[in-house]
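Right, one structure below, let's go through it.
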């Protein structure tokens, strides 16, 4: 069998002859539980990206606080993004621990742990003394705090997407999943707005002295709220059914090695999809503010305001986009995004680089609209790649390996390449390469819109829909 057919055939559930459905085979989703589940998951994602957004947007200030003044500004900035990258190097380990654990003891319990760990790591950053106070221990402690954050977030996205996907009706999974990325953009917007406000109204010396700490210190109260919401959630219906069946069989779950021997095609596809998603995400939302100020010498406040407006527009569209993926499918939307980055990255970066303020905004907005193709699709597409028994673990491992190698390193790689080559158009080439890889992954993936998750029965929104499914099954 050709390799491409093997990949497609082994990246989704085996097709079986249609059988008569029983009412008890169908999950009728409790709307109130669904809303609470989506809200709690989205809040956790918002908190994660509030922290990451703040760190990226205030990187120039952090570089002055945690590194000696004798070091060149460009080198200090690389050191700051190096600490940023340290969190991503811990994410695969976090995914390796929290993912399989979530497949064994449940999604809800693990998501509560990741929430509190993430809050502690962020809070600690706000408490670290500056380089002028404790010398080299300052950047060391910064890296340690970032590693705690990275370890916890290794179980966050895979768990949150799994949680929402397993709670959602089959025909609304794209819409419900898009709320998770709405949380991402909300966190980014809040982080960028806080940093922009501080840079505009707080004197630079005050910002260096103590003002930069404020966004990190608010993580404590946010973490307590998020933990409370997640502890009040019930386990997903899909996991409850899986746990009951596993108990009847006398097995606690699938062997860990099985995800690599039987589901490697799905793992590879997941890595490819996450690569294009996160390279474009971190390029636009995390690195671009630094690019605008350092390479284009745009006023830092103006640069952040441009990114904030782009994200607000994306927030206004994202839920509609999620609904569109339920209607037309995930694959067409993702492929459109991949082709768009291959074709339009260069002209859009030309607008960003050579245009005035208006043209720069239009270039950024174009990149944001292409990024939306993945924001609205991934939360529903990625969990559907794997069966219930290994979903949390496989998704967390593949997602975090890809993020660590490609997505999270994007700001560091871009800053290093531009600093060493003095060429400002590396972002366009990087986005084009990511689009090619993503297109290959989309091609080999299965269309999963409006279908039950692998390993689960149908999930519907109403009793009437369940009865209709039973009648229609023969």
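Keep in mind that glycine also has a Cβ here, set from the backbone N, Cα and C atoms.
What you see is a predicted model, and the numbers here were worked out from it, not measured in a lab.
Annotated features in TrEMBL:
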type	residues	note
DOMAIN	37-450	domain 'Major facilitator superfamily (MFS) profile'
TRANSMEM	77-98	transmembrane segment
TRANSMEM	110-128	transmembrane segment
TRANSMEM	179-198	transmembrane segment
TRANSMEM	210-231	transmembrane segment
TRANSMEM	263-280	transmembrane segment
TRANSMEM	300-321	transmembrane segment
TRANSMEM	333-352	transmembrane segment
TRANSMEM	358-382	transmembrane segment
TRANSMEM	394-414	transmembrane segment
TRANSMEM	426-444	transmembrane segment
The transmembrane segment (210-231) and the transmembrane segment (110-128) contact flag, 3+ Cβ pairs under 8 angstroms: yes
Sequence-remote partners of the transmembrane segment (77-98) [C-beta within less than 8 Å, at least six residues beyond its ends]: 55-56, 59-60, 62-63, 66-67, 71, 110, 113-114, 139, 142-143, 146-155, 158-159, 290, 294, 392-393, 396-397, 399-401, 403-404, 407-409, 411-412, 415-416, 419
Chain residues outside the transmembrane segment (358-382) and at least six past its termini with a C-beta under 8 angstroms from it: 161, 164-165, 168, 173-174, 176-178, 180-181, 184-185, 270, 273-274, 276-277, 280-281, 283-285, 288, 292, 296, 298, 306-307, 309-311, 313-314, 317-318, 321-322, 324-325, 330, 333-334, 336-338, 340-341, 344-345, 348-352, 395, 399, 431, 438, 445, 448-449
Leading stretch by Cβ pairs under 8 Å, where the reference is the transmembrane segment (333-352) and the options are 179-198, 263-280, 394-414, 426-444: 426-444
Most Cβ pairs under 8 Å with the transmembrane segment (179-198), selected from 263-280, 300-321, 394-414, 426-444: 300-321
Confidence summary (mean pLDDT) of the domain 'Major facilitator superfamily (MFS) profile' (37-450): 88
